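Q: Right, I'll just put the structure down here and ask away after.
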Amino acid sequence: MPVESGSSAAARQAKQKRKSHSLSIRRTNSTEQDRSGLQRDMIEGQDSKLPLSLRSNLLDLFSQIEREFENLYIENLELRREIDTLNDRLAAEGQTFEGADLAKGALKTKASHSTSQLSQKLKTTYKASTSKIVSSFKATTSRAVCQLIREYVGHRDGIWDISVTRSQPVVLGTASADHTAMLWSIETGKCLLKYMGHQGSVNSIKFHPTEQVALTASGDQTAHIWRYLVQLPTPQPYHHLLCALLVYNSLLLRQQQTPCEDDVDFSDKDEADGEVEGPNDCPSVRVPTTTLRSHQGVVIAADWLVGGKQVVTASWDRAANLYDVETSELVHSLTGHDQELTHCCTHPTQRLVVTSSRDTTFRLWDFRDPSIHSVNVFQGHTDTVTSAVFTVGDNVVSGSDDRTVKVWDLKNMRSPIATIRTDSAVNRISVSVNQKIIALPHDNRQVRLFDMSGVRLARLPRSNRQGHRRMVCCSAWCEDNTSCNLFTCGFDRQAIGWNINIPALLQEK
């Protein structure tokens, strides 16, 4: 028998492949036609509410989609064959010139180079996109000095609010769930006076701008205005040294008694704590000078308007009320919030009020024009707005349970000028007038300090030896020249006085 040459055999095989491929295409086309005809017959035999013409159009469209996917699949197979051919050719060239090992090394080098370029590109892209998100965690070269100076212990339940007088004598005020409010000597930590006129939890305390008058809000649905007369104790020689020694001894004793306190949740330690004995020799006031009674729910906060002739209260009845102090009459009822109010604050120099609510908004009320008052609603948070406070300038700072704090410009409050993102819900915040530092008390027992641009400055020390052991509810700055310039209170039944020293270079960053 004659023997075919290699070239003729290859040509014959290629011809047979082309023939079989054309036959398969014809067979496929005929199959598609038969399939479409069969599907049309099946559609005509099925019960459907769609018109027959619409069903036929749908069938044609799905057939076109199927053909497009088949074409894409065929193109994918062809591309794979070309890639395999190129890989084989590259491997053959590597074996010819550099050997198998060198070819593999070259391929590895090329792959690693391309991978490094891609990695660098991804790093650059994600670094640029996340720099805005983590702006509140910027590193700083200088360090703030935060020192615990004094503890104020005497309440029998958690402390909701803390405030410092704006006139002489400078004293510290605390409002507690034990139905009392207390006034303290900042320098000695001694209780100067206890107010016992409320029948429910005292949720807020604020002092008159110029007189020795306090305003408290309570869960008994009232707000009380009461006068106090205190005399600060005379500082003794080496008093600061003795106080520091006493604090150190108490911290050392606590460390010896509870060496593993950081590993235990303090919320489960009520039995170990026992009852805290209040100061027995502290004078008390039981009758207010004025009682404000217009709310139908818990009064959660209250504050004095500039001048001290009017006060505003915020309640769980979804309203804020404006009262005249002299007559105790209701001047305005500020309604509009959809859920309970959580806080209210007044501007230090203008007739402006800001109210916060569980409806995720805070509202700015303008009483500068006596004939009409305007209101603006701001929806910058996604959870309860726990507090919103004014600064001396034209800013409002709001904190929320959504773990963010936002700084707003009163001239353009469409969007915040700075956003601080944290790892825990934020409670009642405060802003330092002189240093423009925001103090953030958290549910997770931490207190953090930020500047107005959102840069973190410091975190107050907290361990089993010092700091709060439960939720920190509120913070308050003291602008007078005292040993403590920041105060915090929490549900561990104590208030703490801190000395915060922020370097000037750190504040300018």
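Keep in mind that glycine also has a Cβ here, set from the backbone N, Cα and C atoms.
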Q: May I ask you to indicate which of 109-130, 263-284 is given in TrEMBL as region 'Disordered'?
A: 263-284
Q: Pull the DSSP breakdown for the repeat 'WD' (378-418) and write it out as helix, strand, coil residue counts.
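A: Across the repeat 'WD' (378-418), the residues distribute as 0 helix, 21 strand, 20 coil.
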Q: In the repeat 'WD' (334-375), how many residues does DSSP call helix, how many strand, and how many coil?
A: 0 helix, 21 strand, 21 coil
Q: Which residues of the same chain, at least 6 past either end of the repeat 'WD' (334-375), have a Cβ under 8 Å from a Cβ in it?
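A: Hits for the repeat 'WD' (334-375): 297, 300-306, 312-322, 381-390, 392, 396, 398, 400, 402, 410, 413, 428, 433.
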Q: Using a Cβ cut-off under 8 Å, which residues of the same chain at least 6 positions beyond either end of the repeat 'WD' (378-418) come close to it?
A: 342-343, 345-349, 352, 354-358, 360-364, 424-431, 433, 436, 438, 440, 450, 452-454
Q: Taking only the residues in the repeat 'WD' (152-194), give me the average pLDDT of this model.
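A: On average, pLDDT over the repeat 'WD' (152-194) sits at 96.
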